[in-house]
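*Asks:* I have a structure here, written as structure tokens, and I will follow up with some questions on it.
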Protein chains: 2
Amino acid sequence: MQLLHTTDEDFAKKFDRIVRDRRESDVQVGRDVATIINEVRERGDEALVDYTARFDGHGLGEDRDWQISAEECRAAHEALDPALRDALELAAVRIRAYHEGQLPADRDYTDEIGMRLGARWSAVDAAGLYVPGGRAAYPSSLLMNAIPAKVAGVERLVVTTPTPKGEVNPLVLAAAHIAGVDEIWRVGGAQAIAALAHGTKRIAKVDVIAGPGNAWVAEAKRQLYGVVGIDMVAGPSEILVIADQDNDPEWIAADLLSQAEHDPTSQSILITDSGSLARQVEDAVDLALMKLPTAKTAQASWDAHGLIVVVDSLDQAPALSDRLAAEHVELMVDDPQALFDRLRHAGSVFLGRHTPEAVGDYIAGPNHVLPTGRRARFASGLSVLDFMKRTSFIDASKAALAAIGPAAVRLAEAEGLPAHALSISTRLK
Amino acid sequence: MQLLHTTDEDFAKKFDRIVRDRRESDVQVGRDVATIINEVRERGDEALVDYTARFDGHGLGEDRDWQISAEECRAAHEALDPALRDALELAAVRIRAYHEGQLPADRDYTDEIGMRLGARWSAVDAAGLYVPGGRAAYPSSLLMNAIPAKVAGVERLVVTTPTPKGEVNPLVLAAAHIAGVDEIWRVGGAQAIAALAHGTKRIAKVDVIAGPGNAWVAEAKRQLYGVVGIDMVAGPSEILVIADQDNDPEWIAADLLSQAEHDPTSQSILITDSGSLARQVEDAVDLALMKLPTAKTAQASWDAHGLIVVVDSLDQAPALSDRLAAEHVELMVDDPQALFDRLRHAGSVFLGRHTPEAVGDYIAGPNHVLPTGRRARFASGLSVLDFMKRTSFIDASKAALAAIGPAAVRLAEAEGLPAHALSISTRLK
């Protein structure tokens, strides 16, 4: 953990270094992934059989080896502890309600020259969701990715997930049942992304691929971007807590650690105007780490990337926060709205002392798939728009074309595109 | 040109081959582009000087060699032929009006448990636009890319453009003046994209890069996607005309050629239920090609990729059109709305006989930067949203957290994330 004060002589330089630090492992997987994609494209299901045997120790033979049935998902849902099932269903209801409010409105109007203009939104036909296997298989993540697709109106929602040695996570199956996933394939890694993008005999191709994954999955999505749409390039996640002195240090410590426990590359940052709170939080983190079952990961993250910045005044916080463009920003102050009004770049903002990030991770409603690694400068969280596209339209009357056609002819001629000009002028004769 | 009839024995197979044909030159530029990006990242402006001398024959020495000033743009605008200037300005006014209607609404509401939720849109700080040099330097393209950025509220709008041997296109400078571009740098190719994404001493980095370019530019954008936002992966463009028998074959021929004259990889397709119209259009294309100054390119495109499909009934057209997911679709029939209602995948649709695609390319208002190469299945045309991002927010009262917090604690525990659970439970004590 690094402790900085804005009055430190070299603060600007040190803060700049933190902003630039990508925290991303530059694993050289590009060539391996290109090979896998090519194999799947050429050999289809056979390549999937080979890779799944090699990487997951799972044999794809019979139909039931390939897919997890809707019946299995329903059974997993029914077998859940009722309190946990209620919690999952409450989360689904709230996520659905929030995302229904994102559905975009079509446009259709006639302007002053009598030209009808507009745009119409529609869902993609099919979407693929990657769900990691093993430790990172989170039912909350399935809900957050699947529900926006279904709210958007996607008719065919396909999950691919590795099932190492055949093992599945019943919580994820239950979430798939709740979200209304249409197909689940027992295939993982770059080979799953390749199958979703190009299609095989068994797995029909999709139009958009979303969902988190390891470096191979992320690179496969990047390489296939353009063949299909993808949600985003994800990186290590981060939390930034902006807090005044009137806070319980244990609350802040828990919030910082909730990010740190995800991964050693996660980053937890506190900006405060109170030197004494800074020290108390530091102690509270150390204390909490002694009892935390995920302490090994959380400690590694906190040691390598943890940061506390003591500012003279919280007035300085928005500018620092915008440079970090953090995935999650908590505003633990009396008037969080005033600070929020001054923020420009953040994935999601948590206002007030009773809004820990974790409530947004699970159940508040907004999506927890958010831009990481300073990408909130230009990217947004996952939404129904990621599963939709817009078709613009133009309907010109003869009079409307007569009104503006001659100007278009002039522009086409100036650009050296005579057939463009002709297509208008021949109608103006 | 290929002529198919849906009753041909092998129609399905042949049509399938056309749908799958990517028409994209698989130039292997990946490694070259990676080298250029790396050089610019490490050597900054020096690398730009070297590449610009080598590729553009332009020396970057003095400040005035690097940038084109606002004064030069204003002068180019003033020196324009007044009729052409009026045409450019009319186009700008109409494009601005259409895109202002795209500005998204923020959300801010309190739900039934007293939890405040919402989302706030904001513009990126800085955007870069690539403008090709030479023949493909279109003022219309500058307007279509720059105006949405300015309407979105982007404060710093940076153009990079190669100026081979120092040469500039005065029409493009005039368009930059109209659109309110803030900086223009005389740098092109992958090196320009690298400079925009990573920044150099002279060129401050941007958050989003838009604009068309050659294979090197496109590959650089693809490689830097994630470091910055990008507009889309563009490919060769296409037009699909759906027409009944009551059409002037010369109009349709001109429309098909307006796409074909762009590039030999362009594709022009007619679907009609009239065999006689099909023959007439074929003849009209041949006749028009004899007089067209751009006949060499248009002929190459029409020969390689031109297609006429004769259907038994226009009822069959929407399904075929959706498989092609064309960038531009013209509906030259009496009741275009009925056909439009049945289309799912298209970049932009032109309704009725008096709406040639070219009116949309220049002046109607909607954007002419559209998804190509079947990408309308999942992608949309350029819009103000490409220059904005959304920050979601959550504001939980103590009571709201008490209402749903316990369910979130349960989910966090089930996912094996105890610090997540702790961050909520410690507030519920």
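Note: Cβ is positioned from N, Cα and C throughout, glycine not excepted.
Here's the feature list from TrEMBL:
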ACT_SITE  B:Glu327  active site, proton acceptor
ACT_SITE  B:His328  active site, proton acceptor
BINDING   B:Tyr130, B:Gln191, B:Asn214  NAD(+) binding site
BINDING   B:Ser237, B:Gln259, B:His262, B:His328, B:Asp361, B:Glu415, B:His420  substrate binding site
BINDING   B:Gln259, B:His262, B:Asp361, B:His420  Zn(2+) binding site
*Asks:* Relative to the Cβ of B:His420 (substrate binding site), which residues of the same chain, six or more apart in sequence, are found under 8 Å away?
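*Replies:* In sequence order, the residues whose Cβ lies under 8 Å from that of B:His420 (substrate binding site) (at least 6 apart) are B:Ala408, B:Ala412.
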*Asks:* Would you mind listing, in sequence order, any of the recorded positions B:Asn214, B:Glu327, B:His328, B:Glu415 that have a CB less than 8 A from a CB of chain A?
*Replies:* B:Glu415
*Asks:* Going along the chain, which residues six or more apart from B:Asp361 (substrate binding site) have their CB under 8 A from its CB?
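*Replies:* Listed in sequence order: B:Ser140, B:Ser258, B:His368.
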*Asks:* Counting all other Cβ atoms within 10 Å across every protein chain shown, which of the recorded positions B:His262, B:His328 scores highest?
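*Replies:* Within the set of recorded positions, the most crowded position is B:His328.
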*Asks:* Determine, to the nearest whole angstrom, how far the Cα atom of B:Tyr130 (NAD(+) binding site) is from the Cα atom of B:Ser237 (substrate binding site).
*Replies:* 18
*Asks:* Restricting to the recorded positions B:Ser237, B:His262, B:Glu327, B:Glu415, which ones have a CA within 10 Å of the CA of B:Asn214 (NAD(+) binding site)?
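*Replies:* The recorded positions close to B:Asn214 (NAD(+) binding site) (Cα within 10 Å) - there are none.
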*Asks:* Select the closest residue to B:Glu327 (active site, proton acceptor) from the following binding-site residues, measuring between CA atoms: B:Ser237, B:Gln259, B:His262, B:Glu415.
*Replies:* B:Ser237
*Asks:* So if I draw a 10 Å sphere around the Cβ of B:Ser237 (substrate binding site), how many other Cβ atoms end up inside it?
*Replies:* 24
*Asks:* Can you tell which of B:Gln191, B:Asn214, B:Gln259 has the least company, meaning the fewest other C-beta atoms within 10 angstroms of its C-beta, among these binding-site residues?
*Replies:* B:Asn214
*Asks:* Count, for each of the recorded positions B:Tyr130, B:Glu327, B:Glu415, the other C-beta atoms lying within 10 angstroms of its own C-beta, and report the residue with the smallest count.
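*Replies:* If we count Cβ atoms within 10 Å for the recorded positions B:Tyr130, B:Glu327, B:Glu415, the smallest count is at B:Glu415.
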*Asks:* I want to verify one value. Collapsing DSSP to three states, which class is B:His328 (active site, proton acceptor)?
*Replies:* strand
*Asks:* Rounded to a whole number, how many Å is the Cα of B:His262 (substrate binding site) away from the Cα of B:His328 (active site, proton acceptor)?
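*Replies:* On Cα coordinates alone, these residues lie 14 Å apart.
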*Asks:* Please report how many Å separate the Cα atom of B:Ser237 (substrate binding site) from that of B:His328 (active site, proton acceptor), as a whole number.
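*Replies:* So the alpha carbons of B:Ser237 (substrate binding site) and B:His328 (active site, proton acceptor) sit roughly 8 Å from each other.
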*Asks:* Taking the centroid of the Cβ atoms of B:Tyr130, B:Gln191, B:Asn214 as the NAD(+) site, which other residues of that chain lie with their Cβ within 8 Å of it, listed in sequence order?
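*Replies:* Neighbours found: B:Pro132, B:Thr160, B:Pro162, B:Gly188, B:Gly189, B:Ala190, B:Ala192, B:Ile193, B:Gly213, B:Trp216, B:Val217, B:Ala220.
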*Asks:* To the nearest whole angstrom, state the Cα distance for the pair B:Glu415 (substrate binding site) and B:Gln191 (NAD(+) binding site).
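*Replies:* With the alpha carbons as reference points, the distance is 45 Å.
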*Asks:* Please report how many Å separate the Cα atom of B:His328 (active site, proton acceptor) from that of B:Gln191 (NAD(+) binding site), as a whole number.
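*Replies:* Between the alpha carbons of B:His328 (active site, proton acceptor) and B:Gln191 (NAD(+) binding site) there are 31 Å.
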*Asks:* What's the CA to CA span in angstrom from B:Gln191 (NAD(+) binding site) over to B:Gln259 (substrate binding site)?
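*Replies:* For B:Gln191 (NAD(+) binding site) versus B:Gln259 (substrate binding site), the Cα atoms are 30 Å apart.
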